[in-house]
Amino acid sequence: MFLRLDRYIIRLFLGTYFSSILLILSVAIVFDINERISKFLNPECSLYEIVFHYYLNFVPYYANMFSPLFVFLSVIFFTSKLAEKTEIIAILASGVSFKRLLRPYLFSAAIVALLTFLLSSFVIPPGSRVRNDFQNKYFRDKRQTYAESVQIQVSPSLFAYIHSYSADNKTGYNFMLDKFEHNTIKSRLTAQTAEYDTLNTWRLYDYSITRYGAKRDTLERGTQLDTTINLKPQDFLISAVDAETYTTPVLHQYIGELKSRGATNVDLLEVELQKRYAAIPAAFILTIIGVSLSSRKRKGGTGLSLAIGIALSFTYILFLTLASSFSASGALSPIVAAQMPNAIYAIIAIFLYKKAPR
């Protein structure tokens, strides 16, 4: 059951949160227009595409990306205002414990966490696909066009290896396809180059096929061979930009499929997936830090609390970015990378909570 005080804090929390998003993203859009005005003046770039393909998807993407920052600053801003007016002192003096005071804050954080997760899981991915297509067309093409050391299971008995692949000419180099039966290799197809056509059709050049028999092996050579292989460039040309375009259920399914095929390039997909889940506890952790930090009346007033909050929030985003980079390179597991900033800031939250006024 919510009291009038709870409704008051919830209204302040959510009102400040959405107002800060509106204000900061409005400024961001102005700066973005100023930076890209020469691209927008392209005769092929219509106003409809700019508004509905780019900025309509720009706003939710960046609002969701910087949601931890908005949560943190919103809590610090209105809570420090309450503390400055001695409202926090009055609330605590009336017999309300600090733990009880946190209830409306955590309820508001739950709303933000749920909204953030739903947006990142179902709303933003389709929009990101449209926005990325617009950017690739008019700004800079960020599609993944090159891959190295591709290893993937084509079927239960077939394993493919490509030393390098270029999407610019749809060609893979040093191609190899091994066929196994009962854990024993039965044949090996190698080719200097493998050119992808369409519908899983590959054209192999300077190929050789070694068939391993019980008594003797046979070797077949040729200059060109057309073959159908259940392998598409999209199976291994994966970038962080591509990972953002999958809904969470599809991302789970796609990661499972690639892992079952022995693919080794799923780190970017797993990082994106774990970042979405990590945003849920982040909302609660940053809320507790914000309340604990700003509930005490300070000589510096709201400005000092905001300065500390901005420093902590940007440090959080920096931690998250660095951890994601290490994970994408294979130095950290995706779960550890996504939850490491939360773990560090959870310790800070516990410390500040114990130091908060009672």
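Each residue, glycine too, has its Cβ placed from N, Cα and C.
What TrEMBL annotates here:
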TRANSMEM  12-31  transmembrane segment
TRANSMEM  61-83  transmembrane segment
TRANSMEM  104-124  transmembrane segment
TRANSMEM  277-294  transmembrane segment
TRANSMEM  306-326  transmembrane segment
TRANSMEM  332-353  transmembrane segment
So, taking each listed stretch (61-83, 104-124, 306-326) in turn and counting its Cβ pairs to the transmembrane segment (12-31) that are under 8 angstroms, which one gives the highest count?
61-83
Which listed range (61-83, 277-294, 306-326) shows the maximal number of Cβ pairs under 8 Å with respect to the transmembrane segment (104-124)?
277-294
